Structure formats: structure tokens, C-alpha cells
Amino acid sequence: MAEHQLSKTFPVKPKLKPKPRTQKQTPESKYWSSFKSQQIPNLISSITSLTFSNTPSRPFAATHSASLTIFSSQTFSTTTTITSFSDVVTSASFRCDGLLIAASDLSGLVQVFDIKGRTPLRKLRSHSRPVRFVQYPFADKLHLVSGGDDALVKYWDVAGETPISEMRGHKDYVRCGDCSPVNSEMFVTGSYDHTVKLWDVRVADSKSAISINHGYPVEDVIFLPSGGLVATAGGNSVKIWDIIGGGKMLCSMESHNKTVTSLCVGKMGKDSGEESQQYRIMSVGLDGYMKVFDYAKMKVTHSMRFPAPLMSVAFSPDSSTRVIGTSNGIIYAGKRKTKEEAEEKKDLGGFMGFGTVEEPEVRALKSSYVRYFHRGQGEKPAEGDYLVMRPKKVKLGKHDKLLKKFRHKEALVSVLGGKHPGNVVAVMEELVSRKKLLKCVMNLDTDELGSLLMFLHKYSTVPSYSALLMGLTKKVLELRVEDIKASVPLKGHIRNLKRSVEEEIRIQQSLLEIQGIISPLLRLAGRR
């Protein structure tokens, strides 16, 4: 009777494989990593704020020391520098048409400038303490919102240089604010009294419509694009609140190790597909990390480390540029190529008078060409080609061939003499599944048993193999105790095995003692 042959044979492999140290990069991580960072140095001091204009050219402004600098988002070169300030500039905001920009400083003054000039068009004086934020409302060219260390929030008539209304309610410094993207008469402010308040200028008594307790001094607050959600930053946490639902907290992200200093929201710049309409929250902190937060899935999708504490972050409306300001006066500006730029680069020759550069046309291969029969494996198939897949020949090792012939003991002995512990464990696992491992152990002679005990001495305490090998060690001692007592070399292997097991036990006891010391400290740190 002919011997039964299996149709397919695969080499045995160990089931327990170590996990890779570096995780596979997700598509979203690849997207955010595609923003190649370029340093803009020599800005003297900390970058207190960054903001983009809504105009098609997308310039951005940075406040640092007693200066306001406007940069081109295409070349990252300086276009305008305004120095008409008597103290440190804290905040800036472009008007919706991009023609004017408002800036505040620590002297308590709010000034409005023409983007191309350096002389202030308006000077708004009313705050008695430093002004920490100023912003133009959404689609409003005539008013401004400001807040400062006098715990007051003011709504300004820019043309008349007078405050229309004064909001009182905060009990400490007002450090940040943002205007609603759907209503120019509503805005939120954050204060060091741990609260975030929603204001409506149409309310007669100037009281806040909603008050939220963040739990930490609030460093930044932003509206999300829908206008019904607000994100707040304070301490090491970023929280999202439902304004329409009365100020209910939806989630809290605590992935930063130090204080979160700034927030911004950006749209995924995909050209098509579901991700083209998704928004992300970007947060930066004193720990030097920038985190990207998907608030639809409530998880952090990307993280990036910088060599200095981060103070501000901004993302362009067209999703092409990201800028991050540090405490040492450096801006990390990242730009991502768009389809329009690729087309402009392609047509650059036409603009220079040399004509457009066209790619050479590749001739279609036909069976009458010699090159058709010498294409090689690297040739990519055409749309109409029929692929004949040739199965790869499986290369079997010596132990695989012996297992295929059911010579179990010889297979085990062959791998014990090799240098690959993974192959030994794989053969043992295969013999366990065939219920032949203990029978093989019983049939080993003295030299082969010595090789097995030497292998157990080396690898029985390795975490990847210990689950199988420790149980096998116990069975070997029970089955071959008489042979071990009668042989001096086998007794030496047993002594070595005993020493390695005792050393592993001592290590485990030390680790448990360290765990007992650290775990109460971690619980205390988690309560804070």
C-alpha cells in the first residue's frame, strides 16, 4: 500500500513570537508626519500666540516679545514686522477679510493695524491690567472681543474706540477666549478661576449664559466647527463640552505630562473619501509634545515630540500648513504639498518659456518583441494581462523532513544539536500536538538526554519559552530520574538547571518587592 502523502507541507514555526518593538505606522500618522518641519529662528523670546488669515494667501502672524510678525505661509519668509508696542504682545487676530489685524499687549492696550502698514489705525484703551486675548468675531468687521487680568471681558466698537458692553463674572485672570463660528454675537472665555463662560452680547444684564468648571486654571478654549462643542485646556488635560446640552462634559483627554498651553482645530486635508471631512484637535504643552486628538473616536491618533516647551499652535484653514511656537523663540513650521502646487511645479517650464515637460510615452509590449520575453519579475502587469501565479517551492529543514516521515525522535535530536532555540520549541510544540513528546523523551539515550537538559538549562527561564519548557522539565525529571542518578554528567546538568531556576526565582521576588513599593505611589499620583 502506497504511503499516504500530504498535498501541502509547511515548515513548523514557534507559536510564541515576540511582538515588534516599533508599531506599524497608521495612515493618519503618515498624514501628519508628511508635514515636514522647518525652523523659523531668531524671534527673541517665547511665541505667545499664532493665528492664520482666512484669505487665499493664508499668511500667519506670530506674537513675540514686543513685536508682531506676519509670515508668508508659502515661503515662511517675513512680510511685515510691527513694533509699535510698549510691552510684550500677548495675542493677535486677523479680521475676516484679512485686511486688518488686532493685537493686545501687557500694557492693557488693544491696537488695530493695517496688514501692510505699521502705524496703528485704532487704539482701544479701557482695560486696567494686561490684556491676554483679543479676537474678531466670526464674519464681523466692526467689533472686537478682549479679556485680561482685570477679570473683565469687553465687547468693542472698533470705529468708535469704545467698549459696547462689559462682562463681569470671572473671579481671576481671563487668559483666553474664542468666538462662535456660527454666531458673531456669542463667544467663550477661560479664566484662572477654573471656569469657562459662554457670553451673548444680546443679553441685557451682561451675565454669562453657561458656566463650566474645567477643574484647573484654563490656558486655552476653542469652539469646534459645529459651534455646539467647546474644547478647553488646563492642567495636563483637554476636555470637550456640549454647549447645546447645557455644558455637559463629553470626554477628557489626559495624555500630556505637563500643562497644556494651546489648542487649535484642523481639518484633515484629504482630497476625497471619508477623511476629507474629519476634524482633529491639536494640543501642545510644556512637555514638548504635540498631540492630535480625534474627538469623534475619543482617542489620540498621533503624537510628536519637540526639543523645547511648546506655547502655541495653529493650523491653516486649507489644511496645508501647521505652525508651532516654542518658549525659546523658534517656530516649527510644517507644509504639506497640495495638488495645485504639484500642477504648478509640473507647468513651471511653460511659465519660464521652455514649454511643458511631458513624460515619455511607453510603447506597449507585444508578443512579437524580444523585450516581451525578457521583462523579468519586476514588470508591472497591464490591465488586460492574465497572471499565472506560480506557487513558491517550500524549503524544508532537516527536522521538517523527519517530521514529514514521522521520525519524531530523530527530528527532536536534530534540532537539539542546532543553534536555533525557536526551531527546538517549534518541534516540541508539534510533538505535543501529535502526543509524541513524552515518548521521545523516554527513548533518548544518555548523550541525547544530556543535550536536552543543556537546552532546558539555557532556555527554560526565557519568558517566550518558559510556559512550555518548565512543564517539560518537570516531566523529564519524573520519567528519567533513574538514568540521571546513574550518570555523573547528567547530575551536573541538573545542578546547572537548579541554579538557573533559583536565580530566576530571586529575580522575580526582587521585582515583586519593587512593585509593592511603586504601586502605592502610582495610586497616589493617579488621584491628583
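Glycine is treated like the rest: Cβ placed from N, Cα and C.
Pulled from TrEMBL:
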DOMAIN    380-521  domain 'U3 small nucleolar RNA-associated protein 15 C-terminal'
REGION    1-31  region 'Disordered'
REPEAT    124-166  repeat 'WD'
REPEAT    167-209  repeat 'WD'
Is the repeat 'WD' (124-166) packed against any residues at least 6 beyond its ends, judged by a Cβ distance under 8 Å, and which are they?
49, 87, 90-97, 100, 102-112, 172-185, 187, 189, 191, 193, 197, 199, 201, 206
For the domain 'U3 small nucleolar RNA-associated protein 15 C-terminal' (380-521), the DSSP residue counts stand at 103 helix, 0 strand, 39 coil
DSSP composition of the repeat 'WD' (167-209), residue counts helix/strand/coil, works out to 0 helix, 20 strand, 23 coil
Summarise the repeat 'WD' (124-166) by DSSP state, stating how many residues are helix, strand and coil.
0 helix, 24 strand, 19 coil
